[in-house]
Amino acid sequence: MNIALLGYGKMGKEIEKIALQRGHIIVLKKGSQDSFEGLSKADVAIDFSIPTTAIENITTCLQQNIPVISGTTGWLDQYEQMVSLCYEKQGAFLYGSNFSVGVNLFFELNNYLAKMMAQLSEYRVSMEEIHHTQKLDAPSGTAISLAKGIIEHTPYTGWTMETPLSDQIPIEAKRIENVPGTHSVYYRSEVDEIEIKHTAFSRQGFALGAVIAAEWIEHKKGVFSMKDVLSIGK
Ligand SMILES: NC(=O)C1=CN([C@@H]2O[C@H](COP(=O)(O)OP(=O)(O)OC[C@H]3O[C@@H](n4cnc5c(N)ncnc54)[C@H](OP(=O)(O)O)[C@@H]3O)[C@@H](O)[C@H]2O)C=CC1
Ligand SMILES: O=C(O)C1=N[C@H](C(=O)O)C[C@H](O)C1
């Protein structure tokens, strides 16, 4: 399969390694100074760039009828626009805040726990995410996905990084050198605390998941998520 890498930073380079190991060909490695030359040869494009660029990358792919997966975080206020464009162009588009198999299992665990905690008003939820110091967005896309899972299944109505109202989930974002990504969800009462936690040891899991998603989407049409790729929770 011919793959275009839109974004050739920490993730782009990790994805390249795994894609080559799995027998794929990289036809474009696009950084901020590069054009889209080569994109037309791609069977699939993988966007891991920066929040302000993801929209341009996804739009260009959909307009050229190239299936596109995006792992870039921090641009989700425009997600619905990309979904509409995908349907209009009858293309293929998949966004994932986190492509690792472990985190996608963790999303399901988070939903299951939230359902159990929904009626237990003596417990208050909070979240923490820790990432490397180069990360541009906060909270992480994964933390936002976890918060959405909790909101869907409990009386909480939103999340905040400030002092929370009673129906808001507080999220603390810490930035520590070289941390690939750690997410914790806590339910605390007067007498005890339940904690679930996912720790990435490297970027390898994110990159492998992205290549698996690219292989999966190649001949499909529609808007998808990692749940479709991994058939988790279905
Ligand atoms: N969903 C997931 O599983 C994961 C998501 N992420 C997300 O992926 C994104 C990238 O992360 P990471 O690789 O660590 O970041 P990096 O900062 O290492 O890389 C970002 C890359 O984007 C490039 N870029 C900037 N502008 C453009 C442009 N106009 N067109 C194409 N590329 C451009 C930069 O190019 P240049 O070098 O020229 O400046 C750079 O190579 C982030 O949003 C991060 O949150 C990260 C890990 C996992
Ligand atoms: O920027 C990162 O590095 C990561 N970003 C994603 C996010 O925002 O959730 C996924 C992962 O945690 C690493």
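A Cβ is built for glycine as well, from the same backbone N, Cα and C atoms used for every other residue.
Nobody curates TrEMBL annotations by hand; they come from automatic prediction.
Feature annotation from TrEMBL assigns domain 'Dihydrodipicolinate reductase N-terminal' to 1-98.
Residues or ranges marked as NADP(+) binding site in TrEMBL: K30. The Cβ of K30 (NADP(+) binding site) has 23 neighbouring Cβ atoms from other residues within 10 Å, across all protein chains displayed.
Per TrEMBL, the feature NAD(+) binding site maps to G71, T72, T73, G96, S97, N98, F99. Cβ contacts within 10 Å of G71 (NAD(+) binding site), excluding its own Cβ and spanning all protein chains shown: 25.
Taken from TrEMBL, the feature domain 'Dihydrodipicolinate reductase C-terminal' covers 102-230. Look at the domain 'Dihydrodipicolinate reductase C-terminal' (102-230): DSSP puts its residues at 48 helix, 36 strand, 45 coil.
The number of other Cβ atoms within 10 Å of the Cβ belonging to H131 (active site, proton donor/acceptor), over all protein chains shown, comes to 23. According to TrEMBL, the active site, proton donor/acceptor annotation covers H131.
When other Cβ atoms within 10 Å of the Cβ of G141 ((S)-2,3,4,5-tetrahydrodipicolinate binding site) are tallied across all protein chains shown, the result is 21. Among the features that TrEMBL reports, (S)-2,3,4,5-tetrahydrodipicolinate binding site is placed at H132, G141, T142.
According to TrEMBL, the active site, proton donor annotation covers K135. Within 10 Å of the C-beta atom of K135 (active site, proton donor) sit 16 other C-beta atoms, taking all shown protein chains into account.
Ranking the recorded positions H131, H132, T142 by Cα distance from N98 (NAD(+) binding site) puts T142 first.
The recorded positions near ligand 2, defined by a Cβ under 6 Å from one of its atoms, are K135, G141, chosen from K30, K135, G141.
With a cut-off of under 6 Å between the Cβ and any atom of ligand 1, the binding-site residues G71, H132, T142 reduce to G71.
With a cut-off of 8 Å between CB atoms and residues at least 6 apart in sequence, the same chain places G7, D47, F48, S49, I50, P51, T53, A54, N57 near T72 (NAD(+) binding site), listed in sequence order. Checked against F99 (NAD(+) binding site), the recorded positions K30, H132, K135, T142 differ in C-alpha distance, with T142 being the nearest. Long-range C-beta contacts of S97 (NAD(+) binding site), restricted to its own chain and to partners at least six residues apart, with a cutoff below 8 Å, comprise G71, T73, S140, G141, T142, I144, S145.
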